[in-house]
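Q: According to TrEMBL:
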TRANSMEM  12-41  transmembrane segment
TRANSMEM  53-73  transmembrane segment
TRANSMEM  93-114  transmembrane segment
TRANSMEM  134-154  transmembrane segment
TRANSMEM  184-211  transmembrane segment
TRANSMEM  240-262  transmembrane segment
TRANSMEM  268-289  transmembrane segment
Amino acid sequence: SPQQPNVTSYDATIVAVVIIEAFAGMWINAFIFSVLCMAWIKKKTLNSNAKILLLLACSRFWYLCIGWVYYFLSIIYPKYLHVRPIFPLVESAQSFLNCSNFWVSACLCVFYCIKIANFRNSFFIYLKVKIDRIVPWILVGSLLSSLVVGILVYDVTDNALCKTLNLTCQGIIWKSSIRLEEHFLSSFFIIGFVFGISFMAVIFSALLLLFSLWRHKSNMQTNSMKDLSMDAHIKAMKSILSFLVMYSINLICFILPLAYVMKGQTKVIFLMYAFQYAFPGVHSLILICSNPRLEKSLLSILSCVKCKVCMK
């Protein structure tokens with residue numbers, strides 16, 4: 001029989017937290033995907049914003065689904081996970097979906113910036129006019145670049161696993177995974193490079209939108225009428241800034257394990273993983289609250305659940 005891993009209560013708690021976070025995030029993103037798909041079937045078309053949200057919800061759902069299954073099986077069958085080809089495939093799929101998540105999230109921020117910000121630059125005006133035609137190509141490019149990252153991570157992981165097969169035979173998942181991650185610095189660098197580019201796109205979009213909001217407010221004449229452009233600026237800023245804060249935390253949680261891997265401090269690493277798996281669900285919940293259609297659908301579902309609970 002396989003040897004059981006030497007897992008502390010703290011490690012088991014973190015794994016349980018990750019499983020709960022992933023499960024909750026799966027339902028949140030499945031809700032977004034379902035609502036948008038029903039709207040697509042009903043209206044026979046989707047606007048650019050809905051296309052981005054649809055792909056984002058899909059990538060996050062499968063990312064959390066694979067993570068949920070992986071961490072759940074790591075408790076029951078830890079010895080059989082760090083073997084070929086299961087471990088390289090899981091790492092490759094996670095990297096592909098995670099990069100898709102961040103690329104598409106960055107696309108959403110850039111889309112908000114181009115649609116709402118007001119600049120007289122000819123190139124910016126051209127993007128504003130053509131953005132609806134450009135969005136599908138940007139999404140396809142995001143998927144293709146994420147696929148390239150996934151293939152590279154699979155190759156790196158498979159080669160590293162071949163060199164450390166003796167570690168996977170011990171059945172101690174935590175120690176073997178930490179030693180394995182020492183060989184994955186190149187895959188960390190690849191994913192970190194993608195995160196860095198998308199992070200810069202988000203920062204640039206936030207700065208442009210903030211400057212546009214400041215200029216619009218300074219030029220706006222005082223009147224009693226409600227300024228719709230101002231409201232659109234503020235809503236977009238809230239969405240982008242919330243994503244920027246959460247993105248920063250997630251990026252820190254991605255970088256810090258590189259230092260702690262070498263020190264063998266598994267507790268800190270697992271805590272970072274817990275923060276990383278909380279990000280897709282929490283940010284998707286913020287997107288629901290900032291989208292009138294999704295928020296209305298969520299409130300209607302919650303009201304129906306409340307009525308059924310009261311009737312019982």
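Glycine is treated like the rest: Cβ placed from N, Cα and C.
Whatever TrEMBL says is automated annotation, not expert-curated.
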Q: So if I exclude everything within five residues of the ends of the transmembrane segment (184-211), which remaining residues of that chain have a CB under 8 angstroms from its CBs? That is, six or more out.
A: 91, 95, 98-99, 102-103, 105-106, 109-110, 112-113, 116-117, 119, 145-146, 149, 152-153, 156-157, 160, 233, 236-237, 240-241, 243-244, 247-248, 251, 254-255, 258
Q: Of the listed stretches (12-41, 53-73, 134-154, 268-289), which one yields the highest count of Cβ-Cβ distances below 8 Å with the transmembrane segment (93-114)?
A: 134-154
